[in-house]
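Working notes, beginning with the structure itself.
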């Protein structure tokens, strides 16, 4: 995309803009949920004589404070991870529109700069993925409020869900290493996504 900005520049910027907007929504959701959890922690509106079927385990105020605090920490970590993602995506959106053919005449400098932009986009994607994982991790913490059995069941569901999201069922692994020789006869040791 960086070789011909005229053709691909809009596509690159739109893609990065969409990623920035997705990270912004997740960061805003995380900070809103953090505020809600902080409100629940300070309100103390917990009924001590609740005997619902889903209320198993320790019901002390201290225990609920610990549970709410851990959920609050989880959402704050999600917020920070999504902010880092926005930072890297914004940086990459500026770098991707630099006309490298005009700025750098040597092929060696162009390759290093393109690799740097690709690494910046990959870092943004990595932080976005970690932020999304934080949201996933908050689900068992939320069910922990209702008791340890609900937390264990939600952990098992989460682990099985993440297994099917992360592992390609056809090949049995998340990434497959290609042993094919490239067009120039050199070995390509970089991992490629399994089809």
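Every residue, even glycine, has its Cβ placed from backbone N, Cα and C.
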So which range, 154-174, 175-195, gets flagged region 'Disordered' in TrEMBL? 175-195
Tell me which range among 64-83, 84-103 TrEMBL lists as transmembrane segment. 64-83
